[in-house]
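Participant: Structure incoming, see below.
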Amino acid sequence: MRTSMLRSIKSLTTSPSSHVLRRGYASEAVPDRKVAVLGAAGGIGQPLSLLMKLNPLVSNLALYDIANTPGVAADVSHINTRSEVVGYASDAELGKALEGADVVIIPAGVPRKPGMTRDDLFNINAGIVKGLCEAIAKYCPKALVNMISNPVNSTVPIASEVFKKAGTYDPKRLFGVTTLDVVRAKTFYAGKAKVPVAEVNVPVVGGHAGITILPLFSQATPKANLSNEEITALTKRTQDGGTEVVEAKAGKGSATLSMAYAGAIFADACLKGLNGVPDVVECSFVESTVTELPFFASKVRIGKNGVEEVLGLGALSDYEREGLEKLKPELKSSIEKGIKFASQ
């Protein structure tokens, strides 16, 4: 999927008049699609806006933030790709940014700093997400919502409660973006297994913080004969990937570039699903009956109405079954925290 996205981008930038994808379409023109990025001037928002400008499936790119968006929009708009770019700043322009959006990506909020947990971010980001989701319910209730703002384990339940209150909730249209966990798991696995990373697939289930992140390395392909110790180390590194970047940046930021990449990959999957490309499957944190928890990340088939099918976990190793039971209480608590916040 990543390769096809990049190939499509390359084909479009070298042939600006052609809006026809090589994969998923024969000679049929790509439909018009509006994507709104909320928090577009931030550390994740800027590179994410750049990557969405490069996506040939996007015809209209709306960039929103509370400040500095006109500059980001002007900069990105000079790139010779299909989409028209408009920047919106301040609460007064949020409605215009959202009207007619097919996909809304939310990286808004404050980033993690050294020593901060995702829960430390909660009070600030929860309020931001609540306000943005109230506007989505009003201006584009049918959009596919891609939640990046942390803590995702709580912000997705907040969004669901806001949409329920507004009478617009459709569980098929709300996604917690956990793609960065998958991206990391693939990268780390490929390095350890000494296989080409482009061929690697690793499902990651559970949630999007610490031990709630459960990579299923027993299901990874291509298969590699890794020891239990290596699997444990890979699991821990995937779970602590965000902290690794925060510490490496020494107080000057968090995982913004890799998160933007992961967000762009997931948004691309949503656009492909909307456009009727078959068999689009990504891991995402969604309303789920896979476990007893109301929300859970697992493989999801994405189609014209959002979630077409939430796929099961498949066969787990003993280590993964143990990890699954360990993560449930923490994930349950984070979900309940979000629901409680939204109801206040």
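Glycine too: its Cβ is placed from the backbone N, Cα and C atoms.
TrEMBL labels come from automatic prediction, so no person has curated them.
Among the features that TrEMBL reports, active site, proton acceptor is placed at H208. The NAD(+) binding site feature in TrEMBL is assigned to G39, A40, A41, G42, G43, I44, G45, D65, N125, I148, S149, N150, M259. Taken from TrEMBL, the feature substrate binding site covers R112, R118, N150, R184. Sequence annotations record features per position, and here TrEMBL assigns domain 'Lactate/malate dehydrogenase N-terminal' to 34-176. TrEMBL lists 178-341 with the feature domain 'Lactate/malate dehydrogenase C-terminal'.
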Participant: Whole number in angstrom, please: the longest C-alpha to C-alpha distance across G39, A40, A41, G42, G43, I44, G45, D65, N125, I148, S149, N150, M259 for NAD(+).
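Facilitator: Taking every pair among G39, A40, A41, G42, G43, I44, G45, D65, N125, I148, S149, N150, M259, the longest Cα gap is 18 Å.
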Participant: In the structure shown, which of the recorded positions R184, H208 has the fewest other Cβ atoms within 10 Å?
Facilitator: R184
Participant: R184 (substrate binding site): which of the recorded positions G43, N125, H208, M259 is the nearest Cα neighbour?
Facilitator: M259
Participant: Near G43 (NAD(+) binding site), which residues of its chain come within a Cβ-Cβ distance under 8 Å, counting only those 6 or more away in sequence?
Facilitator: P111, G253, S254, T256
Participant: Can you work out the mean pLDDT of the predicted model over the domain 'Lactate/malate dehydrogenase N-terminal' (34-176)?
Facilitator: 95
Participant: Can you count helix, strand and coil residues in the domain 'Lactate/malate dehydrogenase N-terminal' (34-176) using DSSP?
Facilitator: 66 helix, 28 strand, 49 coil
Participant: Cα-Cα separation of G45 (NAD(+) binding site) and N150 (substrate binding site), in Å?
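Facilitator: Counting only the Cα atoms, the answer is 14 Å.
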Participant: Using a Cβ cut-off under 8 Å and a sequence separation of 6 or more, which residues in the same chain sit near N125 (NAD(+) binding site)?
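Facilitator: Looking at Cβ-Cβ distances below 8 Å from N125 (NAD(+) binding site), excluding near sequence neighbours, one finds A108, G109, V110, S149, N150, P151, T155.
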